[in-house]
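> Take a look at the following structure, please.
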Amino acid sequence: MKNYITLSDIDNLENLISEARSLKSKNTVPDLGKGKTLGMLFFNSSLRTRLSTEKAAKLLGMEVMTMNVDKDGWTLEFEDGAVMNSDKAEHIKEAAAVLSQYCDIIAVRAFPGLKNKEKDESEQVLNSFKKYASVPVINLESATGHPLQALTDAITIQELKKKDKPKIVLSWAPHPKALPQSVPNSFTEMMQKLDVEFVITNPEGYDLNPEIRKETRVEHDQEKAFENADFIYVKNWSSYENYGQVLNVEKNWTVNQKKLEPSNNAKVMHCLPVRRNMVIADDVLDSENSIVIHQANNRTFAAQAVLKQLLKDED
Amino acid sequence: MKNYITLSDIDNLENLISEARSLKSKNTVPDLGKGKTLGMLFFNSSLRTRLSTEKAAKLLGMEVMTMNVDKDGWTLEFEDGAVMNSDKAEHIKEAAAVLSQYCDIIAVRAFPGLKNKEKDESEQVLNSFKKYASVPVINLESATGHPLQALTDAITIQELKKKDKPKIVLSWAPHPKALPQSVPNSFTEMMQKLDVEFVITNPEGYDLNPEIRKETRVEHDQEKAFENADFIYVKNWSSYENYGQVLNVEKNWTVNQKKLEPSNNAKVMHCLPVRRNMVIADDVLDSENSIVIHQANNRTFAAQAVLKQLLKDED
Amino acid sequence: MKNYITLSDIDNLENLISEARSLKSKNTVPDLGKGKTLGMLFFNSSLRTRLSTEKAAKLLGMEVMTMNVDKDGWTLEFEDGAVMNSDKAEHIKEAAAVLSQYCDIIAVRAFPGLKNKEKDESEQVLNSFKKYASVPVINLESATGHPLQALTDAITIQELKKKDKPKIVLSWAPHPKALPQSVPNSFTEMMQKLDVEFVITNPEGYDLNPEIRKETRVEHDQEKAFENADFIYVKNWSSYENYGQVLNVEKNWTVNQKKLEPSNNAKVMHCLPVRRNMVIADDVLDSENSIVIHQANNRTFAAQAVLKQLLKDED
């Protein structure tokens, strides 16, 4: 593995999931990371990603240097050939090249603006780091994907599934703000790689990018989608067709206990942070159906497996 | 010890003070903290608490992850049953449960709003962490108490006292802003546990919460209170009766050399940061009467003793 | 070496450069820094300095505690005798004394205001730390100097020079904002210490402080200055005569390939961050003439050599 920017960077998913589960259960291998430095760059807020990735790196013996880029450092210019006569103080070409000398792996979080589909899909920030860095780059959630979360989700499903081919439903849920499609995109791509029955349910107008959805069944009737579901992954996202918009439809998509009735006593997942009683009701989050805390714990081991693989393949 | 949230969490104060003094003088026990992580969460500014607690944890071999919660992470919702349709992105239930998986001990700083006495006294932030975290919680100064500071103060007095039962005076002093009662509250509670003669002096209108003060003598004449004092702890606080108000009375309570004359060449303490020439005059802070720097150094060893106890009792 | 605040703190420059180059090529000496803590205090933004100094300290086995002073801590008062009745919560006297107890070395970044020459030249922040701290102080770029950068520059020139006495030109270049003279000041002082032919070129009105410039030749014709240059160090600075002003003259001083023609295929240096196509054109930065990335890498080893020397001389 050279980078971990999209799920396609994974050489062998089965091995990576096994590695994460093994790291979770046994002692660590601190020698591998000794003398190596992880640089974490945040263009946006983070709690789980920040702390679980830092913890994962330290469990491997690495040093970690964290920066809130725009607040602690310099505003970066990403345009090639720009005349830098305004507010951008440093070009990504220099920043990425210099950071590659101070860090052995660079991890970057950069959310989409949700204003301009083409710009967001170009993944300018992450791809610029990939282009100009000489060390591996990890995606800590970018404009269109969150592959560390998707790996976490795969680990969690593998751990907790009770049948060979469980039914997994990804359900849209309401939210007051316009949110990225990164998490549902990567979850969809991950489910397409696993031996599961996968269905997406969302109101009309919220269908995900068809290039990511591909042949995955989309069911606009949430109740029908939940029938016999073993896992229900709840998540809000803004419209892809009306790019970045909140359509103000279907307020009754909040997932509560009543909605779980047609399911196979489904385990409920969410990447967190979750808006209680908007996205998922208290009666689900506070019940045994919820596995969101268990799932969040696996963030550490997903990150650890990815870091370990990158370190091994660098040597 | 299961948490360190109030002084009542201390099982054996004498032992804890001895432990801190012993940690100060001898080498550390880095194995105890090895592989353990302290998560420090700041809802407010900090210099001494941040650095001394980080240092204490590292002296025990722990890893430390620090977050300015609202700036780096997500704004937290603390109300049970809230419909999270506005600015709060994550509920304390999830945040505390997730952090308990990434951290072995969670330390939290959350000041009072000083607008609503009942709300402040409910200690919502700290008590929510205590309720929903599954690991020990340390109070890094909360709405109504600062027990790490009080332990520091006890250590300092034990170290520097020249008689068995010294006279200790807690003196109010002027300040341009409304400050919490956390430090004087915890200092008062700590003095009540030690074998000292303890007097509080403050202008009328500034009496501390009677439930904390209890039988402690309050003297509204500062000069009289200072007579034969061995230690004078200077600190501003806002009114408890007129909750959170600055009453704009008694500007002449600044502690200067002249005021120390009736004392027993008193050692002057303050938790820092101290406003020079408002709270304490230069002629005291720059004199040998001041032990504020010595006192600040003990923050590290107070934190180390508490962390060590929590780690030991967790095993 | 007791501090590293100006270049005059260096006891033996040749040895220090050798030490840095040796640290760069061989393994580290982690025992020297074990149990020691570097406190880094930022009053201004930083990327390279923050990360390279943190990395250098960790390569020596030190722990690092970083604070954005004004954002994470308390606003500091630097005036002696001030009545602290307004926005400053803590006096440098206490802050420096307390930090000296938590840290074995203190490193400080504090830029000039560029409004008041006398105030900037007094180096109030840095000199206050030097005065009140009881541990060594490192300058991470102050109002008038950046000696860690200058040491980096000396290392880089020693590494890459092809003749015994190379010609080095420091060239002013345009920039939309008023920048400090710290980097050109320290670079000038460093060049005066090395066996090089050193010329400064800048538009009229931009001559550096004569007390720093001393006998160094200043050439107001950039083309003439570049003749046979082996190294060209490009950097913007604001006017010293019209203190802190951008004079809006000579927009054609941007360094591009055409300007390098009269040089001896000069290597182009810059401390970074660099404004592309304002200060240096893409055709230089993306060419083999540019050594800015190589130069930035040496920041780590300059910092490591300084930290090592301070630790050794403290023992």
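The count begins at 1 with the first shown residue.
Cβ coordinates come from backbone N, Cα and C, glycine included.
TrEMBL entries are annotated by machine, without manual review.
OK, TrEMBL features for this one:
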DOMAIN    A:3-159  domain 'Aspartate/ornithine carbamoyltransferase carbamoyl-P binding'
BINDING   A:Ser46, A:Leu47, A:Arg48, A:Thr49, A:Trp74, A:Arg109, A:His146, A:Pro147, A:Leu148, A:Gln149, A:Cys271, A:Leu272, A:Arg299  carbamoyl phosphate binding site
BINDING   A:Glu141, A:His175, A:Lys235, A:Arg275  N(2)-succinyl-L-ornithine binding site
DOMAIN    A:182-309  domain 'Aspartate/ornithine carbamoyltransferase Asp/Orn-binding'
> Would you list the DSSP helix, strand and coil counts for the residues of the domain 'Aspartate/ornithine carbamoyltransferase Asp/Orn-binding' (A:182-309)?
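DSSP classes over the domain 'Aspartate/ornithine carbamoyltransferase Asp/Orn-binding' (A:182-309) add up to 50 helix, 20 strand, 58 coil.
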> If you run the three-state DSSP split on A:Leu148 (carbamoyl phosphate binding site), which class comes out?
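For A:Leu148 (carbamoyl phosphate binding site) - judged by DSSP and reduced to three states - the answer is helix.
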> Go through the binding-site residues A:Ser46, A:Glu141, A:Leu148 for me and flag any whose C-beta is under 8 angstroms from a C-beta on chain B.
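Among the binding-site residues A:Ser46, A:Glu141, A:Leu148, the ones whose Cβ sits under 8 Å from a Cβ of chain B are A:Ser46.
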> Using the alpha carbons only, what distance in Å do you get between A:Trp74 (carbamoyl phosphate binding site) and A:Glu141 (N(2)-succinyl-L-ornithine binding site) once rounded?
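A:Trp74 (carbamoyl phosphate binding site) to A:Glu141 (N(2)-succinyl-L-ornithine binding site), Cα-Cα distance: 21 Å.
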> Looking at the domain 'Aspartate/ornithine carbamoyltransferase Asp/Orn-binding' (A:182-309) alone, can you tell me the average pLDDT?
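When the pLDDT values over the domain 'Aspartate/ornithine carbamoyltransferase Asp/Orn-binding' (A:182-309) are averaged, the result is 96.
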> Could you measure the widest C-alpha to C-alpha distance across A:Ser46, A:Leu47, A:Arg48, A:Thr49, A:Trp74, A:Arg109, A:His146, A:Pro147, A:Leu148, A:Gln149, A:Cys271, A:Leu272, A:Arg299, the residues recorded as binding carbamoyl phosphate, and give it to a whole number of angstrom?
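Between the most distant Cα atoms of the carbamoyl phosphate site, 30 Å.
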> When the Cα-Cα distance from A:Cys271 (carbamoyl phosphate binding site) is computed for each of the binding-site residues A:Glu141, A:His175, A:Lys235, which gives the smallest value?
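Looking at Cα distances from A:Cys271 (carbamoyl phosphate binding site), the smallest one goes to A:Lys235.
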> I need the CA-to-CA distance for A:Leu148 (carbamoyl phosphate binding site) versus A:His175 (N(2)-succinyl-L-ornithine binding site), whole Å please.
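Approximately 23 Å lies between the Cα of A:Leu148 (carbamoyl phosphate binding site) and that of A:His175 (N(2)-succinyl-L-ornithine binding site).
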> Cβ distance under 8 Å to A:Arg299 (carbamoyl phosphate binding site), same chain, sequence separation 6 or more: which residues?
A:Arg48, A:Thr49, A:Ser52, A:Thr53, A:Leu148, A:Gln149, A:Thr152
> Near A:His146 (carbamoyl phosphate binding site), which residues of its own chain have a C-beta under 8 A away, given they sit six or more steps off in sequence?
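Looking at Cβ-Cβ distances below 8 Å from A:His146 (carbamoyl phosphate binding site), excluding near sequence neighbours, one finds A:Asn139, A:Ser182, A:Val183, A:Asn185, A:Ser186, A:Cys271.
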> So how many other Cβ atoms are close to A:Lys235 (N(2)-succinyl-L-ornithine binding site), meaning within 10 Å of its Cβ?
23
> What is the separation, in Å, between the Cα atoms of A:Lys235 (N(2)-succinyl-L-ornithine binding site) and A:Ser46 (carbamoyl phosphate binding site)?
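Given the Cα positions, A:Lys235 (N(2)-succinyl-L-ornithine binding site) is 17 Å from A:Ser46 (carbamoyl phosphate binding site).
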> Using C-alpha positions only, work out which of the binding-site residues A:Glu141, A:His175, A:Arg275 is nearest to A:Ser46 (carbamoyl phosphate binding site).
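With Cα distances computed to A:Ser46 (carbamoyl phosphate binding site), the winner among A:Glu141, A:His175, A:Arg275 is A:Glu141.
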> Which ones, out of the binding-site residues A:Leu148, A:Lys235, A:Cys271, lie near enough to chain C that their C-beta is under 8 angstroms from one of its C-beta atoms?
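Correct list: none.
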> Taking the Cβ of A:Glu141 (N(2)-succinyl-L-ornithine binding site) as reference, which residues of that chain separated by at least 6 in sequence fall under 8 Å from it?
A:Asn44, A:Ser46, A:Thr49, A:Arg109, A:Ala110, A:Phe111, A:Leu148, A:Gln149, A:Pro180, A:Ser182, A:Val183
> What kind of secondary structure is A:Arg48 (carbamoyl phosphate binding site) part of, going by DSSP in three states?
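DSSP call for A:Arg48 (carbamoyl phosphate binding site): helix.
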> Within 10 Å of each Cβ, count the other Cβ atoms and name the one among the binding-site residues A:His175, A:Arg275 with the highest count.
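The residue with the most neighbouring Cβ atoms within 10 Å is A:Arg275.
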